[in-house]
Amino acid sequence: MIVVKIGGSVVCKDPTKTIQNLPKYADRAVVVHGGGCMVNDLMRRLGLEPKYLTHPGGLVSRYTDWETLKTFVMAMNWINKQIVASLHALGVPALGLTGADLGVVKAKRKEKVLIVDERGRQRVVDGGYVGRITQIDADKLLPPPLKLLAPIAVSEKGELLNVDGDQLAFDVAKAVKAQKLLLLSDVEGLYIGGKVVPHLTAPEAEKLVQSEEVRGGMKRKLLMAAEAAKTGIEVIIASGLSDSPIDTALNGAGTHITP
Ligand SMILES: Nc1ncnc2c1ncn2[C@@H]1O[C@H](COP(=O)(O)OP(=O)(O)OP(=O)(O)O)[C@@H](O)[C@H]1O
Ligand SMILES: [Mg+2]
């Protein structure tokens, strides 16, 4: 089994190459997607301004109030069904889901979160509608049919919750006992000193999370990769924009993180 995460950066730029490569893996993959940029686009059209929180350690997450959650769920479902439709045209009958469907991804709302404010001081703020994943129903995610999962979970109280796409992909990989987790985004891999790093061990990846050269979404990817590698899952950070991106990543392209 492999888990393929189609990053929001791929979704918004051009997911065609990744989607075209999926049919080959339809009987042994679970797909997770992001879509942050499309959420922001829809928010702005609705007159809302996207907000982000910075956590100690430098990880950044979307502040998800009620209006943001609504937009998040709308944009993610649009993306989900667009990919399902594209797969249909390639002869793959896929099932697009959020974690709420069949209760495949359960989460607990993060009621309070620790942030670092503009002045660099740590503060506890309301967590909004963001979830910490507590349970994944692996049986329902195994193919056939190929499952395509949006980064939305459901709480015991029946709340829809925004969950981080990389975190979800890692948790799904663990749950379905995948050998490999592919994190596809708009960069060829992890860049350090202007070059793609071909291979990292989990401890090396963990150390690099704090590097000045690792910013934005790459920080979380690397942290997730280190955690996944420690559990024996090989993580590949690679581009989803190149030709046959899944084939080339499995054949050595990108950054490979192993225990
Ligand atoms: N050292 C680095 N090497 C490579 N990319 C880096 C590095 N530091 C920061 N980045 C940024 O990380 C980005 C990829 O992560 P990002 O979270 O933006 O994409 P994604 O995960 O595909 O999208 P989403 O989070 O919406 O699913 C790249 O576009 C790049 O700008
Ligand atoms: Mg990201």
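For all residues, glycine too, the Cβ spot is worked out from N, Cα and C.
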Check your understanding: In TrEMBL, GLY35, GLY36, ASN162 are given as binding substrate, so which of ARG44, ARG45, ARG62, ARG132 is in that site too?
Key -> ARG62
**Study point:** Residue, out of the recorded sites LYS5, LYS221, whose Cβ gathers the largest set of other Cβ atoms within 10 Å
**Key:** LYS5
Study note, to complete from the structure: Distance filter, Cβ under 6 Å of ligand 1; input recorded positions LYS5, ARG62, ASN162; output none
Practice item. Can you tell me how spread out the substrate site is, meaning the largest CA to CA distance among GLY35, GLY36, ARG62, ASN162, in Å? Key: 12
Exercise for review: Give me the Cα-Cα distance between ASN162 (substrate binding site) and LYS5 (site 'Transition state stabilizer'), rounded to a whole Å.
Suggested key: 16
**Study point:** Cβ-centroid neighbours of substrate site GLY35, GLY36, ARG62, ASN162, 8 Å, sequence order
**Key:** GLY8, GLY34, VAL39, THR64, PHE72, ALA75, MET76, PRO151, GLY165
